[in-house]
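K.L.:
Below: one structure in structure tokens.
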Amino acid sequence: MESLRSLSNISALHELLCRYSNLSGTLTWNLSSTNGTHNLTTANWPPWNLNCTPILDRKKPSPSDLNLWVRIVMYSVIFLLSVFGNTLIIIVLVMNKRLRTITNSFLLSLALSDLMVAVLCMPFTLIPNLMENFIFGEVICRAAAYFMGLSVSVSTFNLVAISIERYSAICNPLKSRVWQTRSHAYRVIAATWVLSSIIMIPYLVYNKTVTFPMKDRRVGHQCRLVWPSKQVQQAWYVLLLTILFFIPGVVMIVAYGLISRELYRGIQFEMDLNKEAKAHKNGVSTPTTIPSGDEGDGCYIQVTKRRNTMEMSTLTPSVCTKMDRARINNSEAKLMAKKRVIRMLIVIVAMFFICWMPIFVANTWKAFDELSAFNTLTGAPISFIHLLSYTSACVNPLIYCFMNKRFRKAFLGTFSSCIKPCRNFRDTDEDIAATGASLSKFSYTTVSSLGPA
């Protein structure tokens, strides 16, 4: 009986050691890593020979062909959409002089960083995961990791800059005109690239290729971060979580929240104008909500406004009716545009958290409890988390540019030279704030330029 227990314990230990000896090359962890591994695995592990083939065949089957092809197709679709969308944005913004505005300068920088995310992150994440081996060498390992982190950082900082610029243009239009110039925008963009380049230097220093024994007795390679201590690793991921997710997320929530509040006030203003216009048909004097003379606080006061009957008597009833109808229709169009803007702002904030929160949480979890995170996220979960973060590179062009009517017209004017109406387009009331419109509480007609068409 004792001998049977001993054999059972030996068998369990044998299986455990065989599992740990083959953990390498199965998981991508770091935001900029391309083929991570668990700390328990070393090049000489285990220090004695084990015949693990039967156990591996029985306990650790290879991924199904369906799972493999699903991952390839999803990565390919996101990659193509990101490259195609961001390339089109760069071409349109560079070739069209009418779109060279302050906010569009940030959008151009955002498109460049998103294009880098697609080109530098996705291939060097997918290929090593499929092959379970990093085949590109030490130089590519360091360079790819560095530019991955750089592109993600620049993209995040650009989103923050866009939210601050839009907030200033809408909520503090007079003050923002003093400093909102293209030269100032260029300096901010340059600062985001320089700051991101400095922040991501640890990827150049600590990213290395590490060898490990593969299942077919070949020597494999992983591109991974090798930290001098556990404390340094934890501090690094907490830093990334703070400056690339937590602070940008809070800034975007506050900025777009204040913009939504200002637009809601504009909606109330337009509704009061509609009521006043309809009441005027019956010759009734109604209180009209108008902005106060104080540009700083955004308050509104009630002012009783009576039409001059002598002035109105010079107009025929048919002319008055047409003017009132046009005024009401125009006001309702502005009202709908503002509501679309608010919905779009909610989508922007939601997509930022949906795309980036999982990867930052996974990286921080891995830094503090690597074994637990490894067991939970191995395989499909971590692949999906990385894919979700890369989705932002193809979502940003849709939200910030292709939902803008003026940009769509500029796109057609750039690539459809045979269609004259597309080349000679005019501005509309539904242009986005990226068109550089001067937004003011006193002129709610331009606020609708923030939203999609």
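Quick reminder: no glycine exception, Cβ is built from N, Cα and C everywhere.
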K.L.:
Consult Swiss-Prot and report the residue, out of Asn9, Asn51, annotated as N-linked glycosylation site.
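P.N.:
Comparing Asn9, Asn51 with the record, Swiss-Prot tags Asn9 as N-linked glycosylation site.
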K.L.:
What residue among Cys121, Cys171, Cys223 is stated in Swiss-Prot to be the disulfide partner of Cys141?
P.N.:
Cys223
K.L.:
To which residue among Asn35, Asn329 does Swiss-Prot attach the annotation N-linked glycosylation site?
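P.N.:
Residue annotated N-linked glycosylation site in Swiss-Prot: Asn35.
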K.L.:
Does the record from Swiss-Prot show Met95 and Leu377 on the same side of the membrane?
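P.N.:
Each on a different face of the membrane, per the record.
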K.L.:
Between Cys141 (disulfide bond) and Cys401 (S-palmitoyl cysteine), what C-alpha distance do you get in Å?
P.N.:
33
K.L.:
Around Cys401 (S-palmitoyl cysteine), how many other CB atoms lie within 10 A of its CB?
P.N.:
27
K.L.:
Among the disulfide-bonded residues Cys141, Cys223, which residue has the largest number of other Cβ atoms within 10 Å of its own Cβ?
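P.N.:
Within the set of disulfide-bonded residues, the most crowded position is Cys223.
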K.L.:
Summarise the topological domain 'Cytoplasmic' (95-104) as counts of helix, strand and coil residues per DSSP.
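P.N.:
Secondary-structure breakdown of the topological domain 'Cytoplasmic' (95-104): 7 helix, 0 strand, 3 coil.
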